[in-house]
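Peer 1: In case it helps, TrEMBL gives these features for our protein:
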| type | residues | note |
| --- | --- | --- |
| DOMAIN | 107-182 | domain 'Cation-transporting P-type ATPase N-terminal' |
| TRANSMEM | 161-182 | transmembrane segment |
| TRANSMEM | 194-213 | transmembrane segment |
| TRANSMEM | 349-369 | transmembrane segment |
| TRANSMEM | 392-425 | transmembrane segment |
| TRANSMEM | 823-843 | transmembrane segment |
| TRANSMEM | 849-867 | transmembrane segment |
| TRANSMEM | 960-978 | transmembrane segment |
| TRANSMEM | 990-1010 | transmembrane segment |
Amino acid sequence: MSSSSASNLHAKVWSIELILDVRNKSLNVQKRKWHSAFVAIYCSRAFLKPPVLKDININTKLLSRSPSYTTISVDDSVSVPDANGFRIDQIRLTELVKAKDLKQIQELGGVQGVGEALKTDVEHGIHGENAEDILKRIEAFGSNTYKRPPKKGFLHFVWEAFKDLTILILLGCAALSLGFGIKEHGLKEGWIDGGSIFLAIILVISVSAISNYRQSIQFDKLSKVSNNLQIEAVRKGRRQQISIFDIVVGDVICLKIGDQVPADGLLLDGHSLSVDESSMTGESDHVEISITQNPFLFSGTKIADGYGRMLVTSVGMNTNWGEMMSKISQDTSEKTPLQARLDKLTSSIGKVGLAVAFLVLSAMLVRYFTGNTVDENGSKMFNGSKTKVDDIINAIIGIVAAAVTIVVVAIPEGLPLAVTLTLAYSMKRMMADNAMVRKLSACETMGSATTICTDKTGTLTMNQMKVTKFWLGKESVEEEAYSSISPFVLDFIQEGVALNTTGSVYRPSLDSKIEISGSPTEKAILSWAVHDTKMDMEKVVKSCSILHVEAFNSQKKRSGVLIKRKADNTVQVHFKGAAEMILAMCTSYYDASGIVKDMDYNEKMNFEQIIQGMAASSLRCIAFAHKEVAAEEQVEGDQKVVLKEDGLTLLGLVGLKDPCRPGVKKAVEDCQYAGVKIKMITGDNVFTAKAIATECGILRPGQDMLGAVIEGVEFRNYTPEQRMEKVEAICVMARSSPFDKLLMVQCLKQKGHVVAVTGDGTNDAPALKEADIGLSMGIQGTEVAKESSDIVIMDDNFASVATVLMWGRCVYNNIQKFIQFQLTVNVAALVINFVAAVSAGQVPLTAVQLLWVNLIMDTLGALALATEKPTKELMEKPPVGRTAPLITNVMWRNLLPQALYQITVLLILQFRGKVIFGVTDKVKDTLIFNTFVLCQVFNEFNARKLEKKNVFKGIHTNKLFMGIIAATIILQVVMVEFLKKFADTERLNWGQWGICIGIAVISWPIGWVFKSIPVPEKSFLSYLKMKNYKSNI
């Protein structure tokens, strides 16, 4: 067939498709069959018929009925309901947004038409109270959830534990011991030595795997909580907060600056809306969203500016974000700075352990092959060529197993586990204390914080604002006098409130209560206007059309709106914002009688005094101003709209009261007592800031304010040297921008401070990221702020920040307790085994016994000490510096006497135990093992308090600690009395148990005595470094 014939045939087929341009889902089954039959018959005829080289123009109305096919009259403009009840399917919706197909949207009747196809009232939203409607939407379009990658199962953690090198060596030794034991003694007796090591290894691996598995589950739970965002949706005309997972296709979602777009959709209406799509495209430039040019919104992107409403078209796995998130697994293997430092410590201790193990191995092999090693009967174990090869191999395996076990005991695997446990435990408890940890490292870093830079609104105050003052002109207007205000001035004020807001007023019926939503400031102003000035929000909104909106800006601290009155077609510009900022834009004002008066310099000073007076009473001052735009100044067509910012007329001033949170003063005092400086950074004016700071205890009454209170612009204009010089003294920074906050954080970090910063706005993100610990607000915080932070304060309360500080110190303190406890065991076990091996050729503690000790100190010890709750004592000490040593002088003072005591007692038992107590070698070795374990149990109590003598204080509150101690003692009794073959022990009588307990309990008075000895704060190691430095000079 020629190319022209082929193209002609293609044109025919294409024409047929045009004739029947119907979507399968819009036809019933019968018509679909006719549709398919017709296309098939026509195509077959087209192939058989010779090509005609002319344009084909077929009209469905000209086709006549014949026995071979039937014509179908289809009006594509009439949408036929699909099987699911909606006039549009998911495939078309997805393609509509992904392809950014404006043409197809127009064909559907615009965004309004898409809403109608989805049975959505674009003004009032869906019927959210109707569960059946929600279920139908989920069934038709899916839910707003996405598939998670498969979780790591328990066997994964078992396998990870198996991969430890020392465990693998021990497994090899156990296998060899088992094989040779069975060969020599038969299955009945020969399995005991090797089998015991196997069982001990399985026990250690199981406990480790269970701990890590539980931690993984904990992280998954926290991840679900952090991903469960609250979104503002319009349902049945009411704005309400719903979970991001409850959003369905057809929902109308309200978006504002800082929000994450929760699903794919189309813009219904909005102003100055721009989106950060870097999470999807990698491009850092913000994309402008408009109804006519680019109404497409994508899940996972962030609102960079403006506000608006969107119609949801795709959710969950039908969005690009859902597909992407389903492939990303949550990484729970994040290494914190403390874990990195502990890894180094573990490595150093491990090297010492390896050296000791090598010496023990060498000493025992030399003693064995020189004939100095004897068995239980006193006979030489090696007699040259007379000794069987199997006996030699068994002896070497036993020696290697003992050496390897020393390495197992020496390497403190419990340290990483202790950090993991204490971090996981503290994260769980902090969640209960209204703090959600997003980054593990923040838990421990918070313990080192030296400065906290906090916001005012909502953090130090309750964020429950109420208008308590209203000034019209230079007169304060009381509530009962509102009726005397000039009607046209009141109209202007109500326009400025109703049209220049991101809040909303909803009243289901005349009898029902008015519902007001929005930010606390917006809610307070709307509530005042509705209840006190009797504003009818709906009436005001309908009387005007909005031409342009300038969204609130944290730099300019104001918002503006350009409106056109429908009654007289006049164009007005309204501004609302920080009182002194609006005042600077005004050249006139309305007095109480509605007369416009010029505002000269003196009048401006009078207004500034009014503002300062309100601010000194802890009121936030908001001003309203307006201006009529002359016809010649009005912008037409596609010209960029810029709101006039000068020559405004002041309409009035309102003062909003936001009371301090109860308990915030106590929390501030606690932080200051703990050596942490509190700095308040706020956008409010300097007088309001001073009043609140004094009320909260950040400023003291009578304190010299010079240098302590500063405005953001002043701090910004300092030279870098001046900033570094003055930053320490600053307690309050008023009228600050997010950039000022970032500058302060950078200066404080350069001065060596560990800085925590609170923030709630999108523009706070740089400061939150720059800080050592970023603390975002859970209620008022934007999603951008939360994602930039390390910890989310769920109740926005400063008292919770103080709690986080205490938990941070608790984490660090618990780790130090465990290090002290473990190093005591390590030193004692290494010295005893080394001395005994070199002098006697045998180690008193067998491989199984050492593995049991390893389990007690590594896992159970970590559980017991890592789960201590924070105490008030932690807030009595100054912050721990970034570079402070992990092992302090206090810890060395506590652990060395205990280790020396244990070494002395156990070596006496090793060399003189038989004579002193008149017992056999087996009983003597059991006494050593039992005494050693009980010493660790009693020393665990000493480790509870690093400096306090009373180690029993608050012990009744830690049930887990007492449970672990009880479990350890019970298991030790079982090991000694009932598992003789497994543990290689002999039963002890009551007297011998009493001796073991008596020796172990002496560790308590030793700890009490040595805690009385004062030690310098400076580390001993730092003195050695100084000496080396001086000798080098």
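Cβ atoms are placed via backbone N, Cα and C, with glycine included.
Please treat TrEMBL annotations as automatic predictions, because they have not gone through curation.
Help me picture these features in the structure, burial and contacts included.
Peer 2: Mean model confidence for the domain 'Cation-transporting P-type ATPase N-terminal' (107-182) is a pLDDT of 81.
Listed as Cβ neighbours of the transmembrane segment (349-369) (distance under 8 Å, sequence separation of 6 or more from its ends, same chain) are residues 381-382, 395-396, 399-400, 402-404, 406-407, 409-412, 823, 826, 830, 833-834, 837-838, 841-843.
Tertiary neighbourhood of the transmembrane segment (823-843): same-chain residues 349, 352-353, 356, 359-360, 363-364, 367-368, 372-374, 402, 406, 409-410, 412, 850, 853, 857, 887, 891, 895-896, 898-899, 902-903, 906-907, 910-911, 928, 932, 935-936, 939, selected by CB-CB distance under 8 Å and a gap of 6+ residues from either end.
Residues 170, 197, 200-201, 203-204, 207-208, 211, 405-406, 408-409, 412-414, 417-419, 421-422, 425, 814-815, 817-818, 821-822, 825, 829, 833, 929, 932-933, 936-937, 940, 943-944, 958, 960-961, 964-965, 967-968, 975, 983-985 of the same chain sit 6 or more residues outside the transmembrane segment (849-867) yet have a Cβ under 8 Å from a Cβ within it.
With a cut-off of 8 Å between Cβ atoms, the residues of this chain six or more beyond the transmembrane segment (960-978) that come close are 852, 856, 860, 863-865, 867-868, 926, 929-930, 933-934, 937, 940-941, 944, 985, 987-988.
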Peer 1: Taking DSSP states H, G and I as helix and E and B as strand, how many residues of the domain 'Cation-transporting P-type ATPase N-terminal' (107-182) are helix, strand and coil?
Peer 2: 47 helix, 3 strand, 26 coil
